[in-house]
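What Swiss-Prot says about this one:
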type: ACT_SITE; residues: Asp24; note: active site
type: ACT_SITE; residues: Asp112; note: active site
type: ACT_SITE; residues: Glu114; note: active site
type: DOMAIN; residues: 21-213; note: domain 'Ch-type lysozyme'
type: SIGNAL; residues: 1-19; note: signal peptide
Amino acid sequence: MRLFLLLITFIALFGAINAFSGVDISQGSSVGDFQCMLNQGFEFAIIRGYMETGQVDPEVVNSIACAREAGVEYVDTYLFPCFNCGNPQDQGPALVNYLSGYNANYGMVWLDIESSDWSGDQSANVAFFEGLISGLQSVGAHIGVYTSASQWIPIMGGYTGGSEFPLWYANWDGVQSFDDFSAFGGWSTPAIKQYNDGGSNCGVGYDFNWYPN
């Protein structure tokens, strides 16, 4: 029994030690910005790659390169869909092919599912989401979903098809923990938590994120 308790204690401490803090960013950022964020203790960055206007973010390639040059080990990008553009199968490939053209070094593409720009028809929203997934899969992207219960349910209703992909959820309670998480959309376990917004210590705006390893 004592060995078992020691093992559990070790796992708990090891998990805490190996948790990661990071940022998500929606504006151009320099090497100095990322070096500052590393000095603040952040270890990963998720950078906007596609805007809700239906265009690739012109800053994404440079920001990814600057993050890598600064020494950020884990760099992803996120895609903010444009529902009114009506071309879900094309949006993911537009981003991925753009990044590939510049040999951008990144990991995942997170679909940002939020805002009031979606249709009031949940069936149409689900079809659009599935089009986004299909487009990203056609170019071999590693896909994740950013959302929250308060955003997902009004947009997608009871749809659970997104739950096969990792979940990055938002709850600005300021706590680096998944203890607040309640299942929704078919997800029972999240991958990343966005736990606060409003960071600006390094001259660039960012949100605070966390995940255990």
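The backbone N, Cα and C atoms fix where each Cβ goes, and this holds for glycine too.
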Determine the most Cβ-crowded residue among the active-site residues Asp24, Asp112, Glu114, using a 10 Å radius around each Cβ and all protein chains in the structure. Asp24
Three-class DSSP assignment, Asp24 (active site), comes back as strand
Whole-number Å distance between the CA of Asp112 (active site) and the CA of Asp24 (active site)? 12
Cα distance, Glu114 (active site) to Asp24 (active site), nearest Å? 15
